[in-house]
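Have a look at the structure below before the remarks.
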Amino acid sequence: MKDFIEWKDFTFQYDVQSEPTLKGINLSIPKGEKVLILGPSGSGKSTLGHCLNGIIPNTHKGQYSGIFTINHKNAFDLSIYDKSHLVSTVLQDPDGQFIGLTVAEDIAFALENDVVAQEEMTSIVEMWAKRLEIAPLLSKRPQDLSGGQKQRVSLAGVLVDDSPILLFDEPLANLDPQSGQDIMALVDRIHQEQDATTIIIEHRLEDVLYERVDRVVLFSDGQIIYNGEPDQLLKTNFLSEYGIREPLYISALKNLGYDFEKQNTMTSIDDFDFSELLIPKMRALDLDKHTDKLLSVQHLSVSYDLENNTLDDVSFDLYKGQRLAIVGKNGAGKSTLAKALCQFIPNNATLIYNNEDVSQDSIKERAERIGYVLQNPNQMISQAMVFDEVALGLRLRGFSDNDIESRVYDILKVCGLYQFRNWPISALSFGQKKRVTIASILILNPEVIILDEPTAGQDMKHYTEMMSFLDKLSCDGHSIVMITHDMQLMLEYTDRAIVIDNGLIAADDHPINILSNTELLKKTHLKKTSLFALADRLGISPQKLTQWYIDNQGGKNG
C-alpha cells in the first residue's frame, strides 16, 4: 500500500513554545518500509515520533497545520486506543516502559488490556519470548536484567499487539556494542518476518547501518534536509554539517582522499576498491605518559547476595590528568564499580587518595574528591528548573548569588544549555537532561569525575563540545573516568581502558590494544571499530591507522 504514513505541508508548534518544532514537513512512508530518522538534538525527530504514536496531541498539546494521515485516516482524529493498535513504540529507556512485576507479566500487559483469554495469552507470551530468546527470563523481574535483555522484553511487550507500525526511539542508547548489534539484527529480522513498517529514531548511524535500511531521513531545525538512500547520504557532507557522526571508515577514507564518486555501495567496506588509494606514512602508537598517581584502589569486592560477587578483588591505579574508559558488556559490574568508589555501596576496599588513606570517608567527604554523573539523569534531578538544578551544589556550599549566577551561566554555555537556563527540566529531552546532570557535577570542580555513559543520547555537536570540555579538565589535572559503550569515544578521548567482565578486570591497556584483541572483544561483548576492518582491507596495521585517524581528527587523543 502506497503512502501508508504521510505528512503533507505539516507544521507543529507546542503550546509552551514560541516557534514551530516541525516546519512544513512533506514525508511519505509506504507500508513495509524500514526508515531511519536521523538528526541532531532539537531537530524535531522525536516530535515526529510523538505525533506518530499519539503522545502528540494526547499528552503534549500544541497547534498544527497541514495533513498527517495513517492508512489514509487523519492521525489526530484517531483515539489513543486506536493509535495503540496501529503503532507500537519501544522507548529509549526501557525501565520507563515496564509495567509487570515479572517479564511474563510485562509482555502480557497489552493482551490483558485487550481481554485476551488466559490460555491464548500464555501461548502468545511464550511464543514471543522464545522468538526473542528471553524464554528463560519469564519469571525474572525486568529491572534485574541487562540492558540488551531489557530491550528484548520491551520489544516483546509491543510485538504481542501485532501492530503494523513499529517505532524505535533510540534503541541503542544504553547498550553495549555487541548487544546493540544483536538488537539491530533482531529488529531487521522482526521487520522482515512481520512485514511491519519500521521507523528507527537514532543517533548512532553506523550501528543502525549494520543492517539494511530502505531510507534515511535527516532532520535539522524542524525541516527535512535529506530523504533518500543511505549510500547517497554517505557521499555528501550533510552528516558532518548537521552534527551527526559519520561512520568511522567514511571519515578515515575522506581524510585519505578516497574518491567516492565512483563508489556505488557505501555501507559495506568489502565493496570498496582501494587499488588506486595512496597510503601516507603512519607513525606508531602514542603511549600513556601519565605517571603522577592520584588514586589507588585496592582489593575492591562488592556482593549483592551471599553467593556471588558483582565485583571480585578489583585493584587499579588512576593518575592525575588521565582519561580512563571503563568498558564491558551490560551487567559486567561497571556501574557498580563507580558507585562503590563513591561510597554509595558498602565495600571493604582500601582507597589511597593523594597518598592518604580515605577508605573510611563518608559519602559527603568522598563527594568532595570524586564526582559521579549517573547514566539515568532522572535519578539525579531534584529541582524543577534548569538553573536551580545546576546551582544546587554551590548553594549548599554557601556561594554568593552573584558567584553562583556567573558560574552557572559559564557551565551552561559549555554544556550547550544556556538557552534553556530558565526552562523547567520536565520540558527537556533525555539527552538535554543528561547534560544538566553533567553540568551540576562539573560546576563543583572535583578532582576525579566519573561519568556513566556521558554521551548517551547526544548528537555530534554536543558530544564534541562535552568531550572537548572534559579534555580541558584533564589538561588542568582532573582525572576523568568514563563508563561507556562507545568504542569511538574510547579510541579518540581516552588514554587507557579497563575491561570489566563478570566482576573481574579482564584487561587494562591502551584502547587501541584492547580493540586489537579479537578473543577479548568476543568474550566481553565489545567489537572492533570499522577502522580495524578498513585496516584489514588496506593491509596496514590497525594501530597505526587508528593513531593516524586520531591525529587527523585534531589530535584529540593525547
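Sequential numbering from 1, following the chain as shown.
Cβ atoms here come from the backbone N, Cα and C positions, even for glycine.
Pulled from Swiss-Prot, these are the features on record:
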DOMAIN    5-246  domain 'ABC transporter 1'
BINDING   GLY39, PRO40, SER41, GLY42, SER43, GLY44, LYS45, SER46  ATP 1 binding site
DOMAIN    295-527  domain 'ABC transporter 2'
BINDING   GLY328, LYS329, ASN330, GLY331, ALA332, GLY333, LYS334, SER335  ATP 2 binding site
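Mapped onto this structure are the features recorded in Swiss-Prot.
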| residue | record | Cβ neighbours (10 Å) |
| --- | --- | --- |
| GLY39 | ATP 1 binding site | 27 |
| SER41 | ATP 1 binding site | 22 |
| GLY42 | ATP 1 binding site | 23 |
| SER43 | ATP 1 binding site | 25 |
| LYS45 | ATP 1 binding site | 25 |
| SER46 | ATP 1 binding site | 22 |
| GLY328 | ATP 2 binding site | 27 |
| LYS329 | ATP 2 binding site | 24 |
| LYS334 | ATP 2 binding site | 24 |
| SER335 | ATP 2 binding site | 21 |
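Annotated pair LYS45 (ATP 1 binding site) and ASN330 (ATP 2 binding site), C-alpha to C-alpha distance, rounded: 27 Å. Averaged across the domain 'ABC transporter 1' (5-246), pLDDT in this predicted model comes to 92.
Neighbour counts were taken as the number of other C-beta atoms within 10 angstroms of each residue's C-beta; across the binding-site residues GLY44, GLY331, the minimum falls on GLY331. Neighbour density for PRO40 (ATP 1 binding site): within 10 A of its CB lie 22 other CB atoms from the protein chains shown. Separating the Cα atoms of GLY44 (ATP 1 binding site) and ASN330 (ATP 2 binding site) is a whole-number distance of 30 Å.
Excluding GLY39, PRO40, SER41, GLY42, SER43, GLY44, LYS45, SER46 themselves, the residues of that chain whose CB lies within 8 A of the CB mean position for the ATP 1 site are, in sequence, THR47, PHE219, SER220, ASP459. Mapped onto three states, the DSSP output places GLY333 (ATP 2 binding site) in coil.
Those residues of the chain, other than GLY328, LYS329, ASN330, GLY331, ALA332, GLY333, LYS334, SER335, with a C-beta within 8 angstroms of the mean position of the ATP 2 site C-beta atoms are SER146, ASP176, THR336, ILE500.
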